[in-house]
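Trainee: Grabbed the feature section from Swiss-Prot, which reads as follows:
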type     : residues               : note
ACT_SITE : GLU145                 : active site
BINDING  : HIS144, HIS148, HIS154 : Zn(2+) binding site
DISULFID : CYS94-CYS249           : disulfide bond
DISULFID : CYS117-CYS136          : disulfide bond
DOMAIN   : 53-250                 : domain 'Peptidase M12A'
SIGNAL   : 1-24                   : signal peptide
Amino acid sequence: MIPDVGFLVLLTGALFICIKAAPATTDVDPTFEGRIVMEGDILIREEQLTERNAIALENMRWPDATIVYKLTGWYALFPGDIKKAMRHIEENTCIKFKARSNEEGYVKIYKGEKESCFADIGYFASEQRLSLGSGCKIFGRILHEMGHTIGLFHEHTRPDRDNYITVHEDNIRPGSKRNYRKTPSYMTRVIGPFDYDSIMIYGETAGSRDPMHLKSMEANKPGVTLISSRYKDRLTDLDIKKINTLYNCPGKEKFS
């Protein structure tokens, strides 16, 4: 998630980049390198936001279900859980990961500043970003951000989410309320049933102005607790089936 600050400084190699973000008191989406930051950790290009370009969503799938990546800096030396997450996805879906040679479209995986966890959504024929700051080097968080790279939006912002969860806007910090907007139906393909345990759902106190006492959202289903991806160690069966459906994976179980 990109922090709610007036200015965000990221370290990329030896280059310091100063990013003007939206003030924490507003509900305007901040920007990063020409992308709009949606829902806290999704980078999306402006041309992908208009209804007339909704067909572009079909082109956001990685060609041949192969994600081309480049590990940089710290992660090039210590790929650890990143490679483990890649193997977990490969073992359960038709998605493959390939180290970049000279491909035009690829995802650069790098160590962002502090809690800077975010990723471009899906495929684009240029360099894309997957930032894993020091607070994001956790297996479940890595899987979550890779889910965005694959093309998955958040489960709690599905257009039909109100049937399954209740968002308590009064409990959410002003600068975090934008992270709970429903994704427009023309931007996302709703696949399968709502998954309370998805790797793509936030914990129920994320963005709360008082996490010890106030929930940002909660399940409408009695007895269900919404848990952050940082405490998870795998994709759920529904996550896997959704990815296999999105990429029409041959020989894999899919939603009809």
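Easy rule for this one: first residue shown is 1, then count along the chain.
Glycine is no exception: its Cβ is also placed from the backbone N, Cα and C atoms.
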Trainee: If you measure from the Cα of CYS249 (disulfide bond), which of the recorded positions HIS144, GLU145, HIS148, HIS154 is the nearest?
Mentor: HIS148
Trainee: Determine the mean pLDDT over the domain 'Peptidase M12A' (53-250), rounding to the nearest whole number.
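Mentor: For the domain 'Peptidase M12A' (53-250), the model's average pLDDT rounds to 92.
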Trainee: Just to verify: the residue among CYS94, CYS136, HIS148 with the fewest other Cβ atoms within 10 Å, which of the recorded positions is it?
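Mentor: Relative to the other recorded positions in CYS94, CYS136, HIS148, CYS94 has the fewest Cβ atoms within 10 Å.
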Trainee: Expressed to the nearest Å, what is the distance separating HIS144 (Zn(2+) binding site) and CYS94 (disulfide bond) at their Cα atoms?
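Mentor: Between the Cα atoms of HIS144 (Zn(2+) binding site) and CYS94 (disulfide bond), the distance comes to 18 Å.
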Trainee: Ranked by the number of other Cβ atoms within 10 Å of their own Cβ, which of the binding-site residues HIS144, HIS154 ranks first?
Mentor: HIS144
Trainee: Please work out the number of neighbouring Cβ atoms within 10 Å of the Cβ of CYS117 (disulfide bond), leaving out its own Cβ.
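Mentor: Counting Cβ neighbours of CYS117 (disulfide bond) within 10 Å gives 25.
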Trainee: If I take the Cα of CYS117 (disulfide bond) as reference, which of the recorded positions CYS94, GLU145, HIS148, HIS154 has the closest Cα?
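Mentor: The smallest Cα gap between CYS117 (disulfide bond) and any of the recorded positions is with GLU145.
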Trainee: GLU145, CYS249: which of these recorded positions has the highest Cβ count within 10 Å of its own Cβ?
Mentor: GLU145
